Amino acid sequence: MYPTLAAGLLAVLPLAQSFYIAPFEDALFAADKHESHSHDVSRSLTSASSDVGLESRAVQSGGDCGPSAGNAVCASGLCCSSDGVCGTGTPFCGAPDCQLSFGPACDGNQTPPGKDTSAVPRPLFGSVPYGVDISHCTVKGKVALTFDDGPYIYTTDLLNVLKSNNVKATFFVVGANGGKGQIQDPATGYPAIIKRMYAEGHQIGSHTWSHQDLSAVTAQQRHDQIVKNEMALVDILGFFPTYLRPPYTKWNDDALNDLKALGYHVTNYDIDTRDWQGDYTYAQNVYTNILSQHSPASSSWISIEHDIKDKTVHGFVQYMIDQARQLGYQLVTVGECLGDPQANWYRDPTTGQPYDPSRMAAAAAAATTVAGTAPPPPPPPSSSSSSSPSSIVSVITSSPSSPGTSSPAQATKALNPGSSTTTQASSGSGSGPSSKTSSSAQGSSSSPSPTPVANPNFGAGTGNTTTTSSVSVASAITTSATATQTKAQSGAVRSGDSAFGVLLAIFVLLVVF
């Protein structure tokens, strides 16, 4: 009987913790609530755990944090990793993995310098709807290539490819993900890259500050994710976008309502190549099959890719451009494929109105000085490149055994040398310091080059996975569940004894308490 009672007590103790012990702990630690965090935040922005009603124990480095540790919060200056451990550095603090509500120093909890844009008026101008899912173009015969999660070390190469092909694309940028640094920090090299995007006629949209799931964070955290990225972009460009893509293609009604109130077109896609998984045979097949099975006269498309992926930039993009053109599509920005005038793509941070084109021209002229490029239209050859457009394409799209080509067949070979799949890992693997970057893609000599991050997790993913990845995820979940069960039980217990023991333990606890 006693072993059975012991097993039952082990099973019921967590319930006792929740219903009987936790309230006493809450009272005990009430005087030790977390004080204001060290990083500066403006009045309309909040810091970690300020609006979630969680207890703060100021857990020190190496201690447990987060939901698995009774909602314990790390001490000021520390981050709560995805595994629920307090610490510092990218493995603990990098977004989107760091748990915002339990790690005051998470990258996602930091605020960029500049004026809080929360109070900027948000009139809804133009004919494109706000606060609803937009997944399709309205202008026929167009393909809008869109790139998420950057900028990163490959983005300059991507701009070179687009420039050499006279293609305009849309970049949904993230302010501080993967441990890459904040995009407005000149030391990272990203401000010059973003200015070049704009100067060369590409559209810039928001992908939030640190790539958090907008359906899973609190209302205040969601607000901060949107406004902080605005602040960073205003610091770089002098205006912020009216287009936003929710990370992971996830949102709920609250998120849509908030995005409408903040004046955003919620921009998704109808072609998901899943390039972030690294299977470029699959990516090519999906892209080509969709385009070839429809006519440009009656269809148009928004395709999602990621400029944080080496082989996406160095091969797949050229393949997509070639295929779209061969099939009769015109490559444009999202705003163009929705019939939205360029002035509506951005908002004045003072008036909230469409950003004045004359001021946009002045910003483009300033970008020319910083990024070494000329404003549209049409852009002349970039002074940041030491090679001709044809040589840039040769460097970027060729495999070592097939130099100097940019046809779809050659692009396929460059993506998949010797096999049907590439060695590029899926989300979270990164390419590390050994990643290739063409000599012509280092940007202006006056601006630093972005630094590779070892094994970064940028949060790339769309919520869609191929069968292989789905099996892997399912296997990982099963393994995790088994490990948790083993840890809780500390050994096997027969189901009959366990059930009886649980009932007996509940009775004992009720008598005791």
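Yeah, the Cβs are placed from backbone N, Cα and C, and that goes for glycine too.
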Recorded disulfide counterpart of Cys79 (TrEMBL; options Cys93, Cys137, Cys337): Cys93
Record TrEMBL, residue Cys86, disulfide partner from Cys74, Cys98: Cys74
Per TrEMBL, the disulfide partner of Cys65, chosen from Cys80, Cys98: Cys80
Which listed residue (Cys65, Cys93) has most other Cβ within 10 Å, given these are disulfide-bonded residues: Cys65
Number of Cβ atoms other than its own within 10 Å, given for Cys80 (disulfide bond): 32
Which listed residue (Cys74, Cys79, Cys86) has most other Cβ within 10 Å, given these are disulfide-bonded residues: Cys74
Closest of Cys65, Cys74, Cys80, Cys86 to Cys93 (disulfide bond), Cα positions, disulfide-bonded residues only: Cys80
Rounded inter-Cα distance in Å - Cys74 (disulfide bond), Cys65 (disulfide bond): 6
Rounded Cα separation (Å) that holds between Cys79 (disulfide bond) and Cys86 (disulfide bond): 5
